[in-house]
Amino acid sequence: MRGLLCWPVLLLLLQPWETQLQLTGPRCHTGPLDLVFVIDSSRSVRPFEFETMRQFLMGLLRGLNVGPNATRVGVIQYSSQVQSVFPLRAFSRREDMERAIRDLVPLAQGTMTGLAIQYAMNVAFSVAEGARPPEERVPRVAVIVTDGRPQDRVAEVAAQARARGIEIYAVGVQRADVGSLRAMASPPLDEHVFLVESFDLIQEFGLQFQSRLCGKDQCAEGGHGCQHQCVNAWAMFHCTCNPGYKLAADNKSCLAIDLCAEGTHGCEHHCVNSPGSYFCHCQVGFVLQQDQRSCRAIDYCSFGNHSCQHECVSTPGGPRCHCREGHDLQPDGRSCQVRDLCNGVDHGCEFQCVSEGLSYRCLCPEGRQLQADGKSCNRCREGHVDLVLLVDGSKSVRPQNFELVKRFVNQIVDFLDVSPEGTRVGLVQFSSRVRTEFPLGRYGTAAEVKQAVLAVEYMERGTMTGLALRHMVEHSFSEAQGARPRALNVPRVGLVFTDGRSQDDISVWAARAKEEGIVMYAVGVGKAVEAELREIASEPAELHVSYAPDFGTMTHLLENLRGSICPEEGISAGTELRSPCECESLVEFQGRTLGALESLTLNLAQLTARLEDLENQLANQK
């Protein structure tokens, strides 16, 4: 009958199962495979027949390459119900699978084959049970072993399983219904339907089934993995190597016979093995001598094409230029520039650092004197001010630059008289949102403020400067946040640091801040927009807007900011002109000078008008 493999009792013509189990060498290598056995354990299967089926399963396992990345095996048994013996994910060792099969107890009820196929399709071959995902394209194979006619329908559910990519082998024993076997199996039927006359012959089917899974010529299939040569044998193979090589421990790779390992090569640096021979090789930056064993360093500087401005140093990787002390190598790798110690060291200058050869010195602004420590300058007169710093923490600033901003803020704090009665300092960071790092009333000393500044964490994200200005106006200068009452006439100063264009509108709250009497300063770095800086700052912009091309040069702004933020306590009604080096006196001096100029300008205009009137009268008399 076409499509049906009958197994007559011709044991002498077939190799016994036990002989197959004793074969040595590599096991069957089918590649990755998800294999589920569906075993009929209904009451019609007698105990000794079930034991034969148990031995059949264990024998078939011994011929498979079992492992998480090779063949995964699951077993289910069924009668009137379905029971999972072990899923695909349960075991990766053959010994554990055999132990579970030995403990298998038959269910001894009806024969619901369709129910078993449905369970295999929906549960046993699910990813949760250990089947590999469909995108990995690992074949899914079900082997159904039954001895009777199903008591439910199998054709429709088997078709669904095949449509999901499950390849079905149907093995019938003794009284099995041939029509049901054909309805379950995958095409071509003559390769997927087997009929065994008795349980005694089911082991002989195992040989044929294993041969069908494994193929006959593993070397020809190309999956053997031999590096040099594959020698095929029945259901097995072994690898050999070309002359001059030996087989590695994995029995697939080939290693050159290492003549270098004998230690008689005489190579100064490296010995490189080749089939039947060897040669010497030097490290990078060295050349092999005529004796083909010793090595000499290459003097790249002697070639005369290094173009180094100061000195050339030969290294194994090639020529390297080196600069004399007090100079730094430039990005071109050749030229040298005098080192700017002010940018390269923590100089500690309060105002300005000036590099001088291999050293540096600190400078103070006009009207202020350098102190004995050679770094600090005498302070402006102590005064009262509430100062809120708005710091841009957007992603464009970047973490390393944010640290420079914090250092810059602390340099401003250094020249302030920080105390509850003197200058109070608050800090707000903004990006896509606004966060008060510490309010005006929290810290009473400069040391506490500086420590809190260093602890501020970088926010990243966007640049909502308008939102930050609103927060400052509505919250930061409130008495609840530590600002002093307006009745005390303590100046309120806002200082904004930003490096880019705001992502929201700033005009409303920039104007509102000035209406509230807040003196606004704007410090821009890098790509900061000048128009926005001017809109934020108070008038005149020349005194309230500062700009630096990058974060590394912000320290040059300190002198102007220190002179500008120094508090004003109001102009005295007296006419005495005090030293303009003091902030209050300087403002008073400038104010009175501007007032005098305005008065002179008005008088000049009036005098000019009177002269024009006299000229007109004289012209009329003539």
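Cβ atoms are placed via backbone N, Cα and C, with glycine included.
Note that the coordinates shown come from a computational prediction; the quantities given were computed from them, not determined experimentally.
Of the listed cysteines Cys336, Cys349, Cys353, Swiss-Prot assigns the disulfide bond with Cys342 to Cys353.
Per Swiss-Prot, Cys349 makes its disulfide bond with Cys362 among Cys336, Cys362. The recorded disulfide partner of Cys312, taken from Swiss-Prot and restricted to Cys301, Cys323, is Cys301.
Looking at the stretches 79-110, 239-270, 431-462, 591-622, the one that Swiss-Prot records under the feature coiled coil is 591-622.
For Cys230, the cysteine that Swiss-Prot lists as its disulphide partner among Cys214, Cys219 is Cys219.
Checking the candidates Cys364, Cys380 against Swiss-Prot, the cysteine paired with Cys377 through a disulfide bond is Cys364. Within its own chain, Cys323 (disulfide bond) has Gln309, His310, Glu311, Leu329, Cys336 as residues 6 or more apart in sequence whose C-beta sits under 8 angstroms from its own.
Within the model, the domain 'VWFA 1' (34-213) shows a mean pLDDT value of 88, rounded to a whole number. Around Cys342 (disulfide bond), the C-beta neighbours below 8 angstroms that are at least 6 residues distant in the chain are Cys349, Cys353, Val354, Ser355, Tyr360. Long-range Cβ neighbours of Cys308 (disulfide bond) (same chain, at least 6 residues apart, Cβ-Cβ under 8 Å): Pro319, Cys321, His322, Arg334.
Cys364 (disulfide bond) falls outside any helix or strand according to DSSP and counts as coil.
Here the disulfide-bonded residues are Cys254, Cys349, Cys362; the one with the fewest Cβ atoms within 10 Å of its Cβ is Cys254. Sequence-distant neighbours of Asn69 (N-linked glycosylation site) (same chain, 6+ apart, CB under 8 A from its CB) are Pro32.
A separation of roughly 38 Å, to the nearest angstrom, links the Cα atoms of Cys219 (disulfide bond) and Cys280 (disulfide bond).
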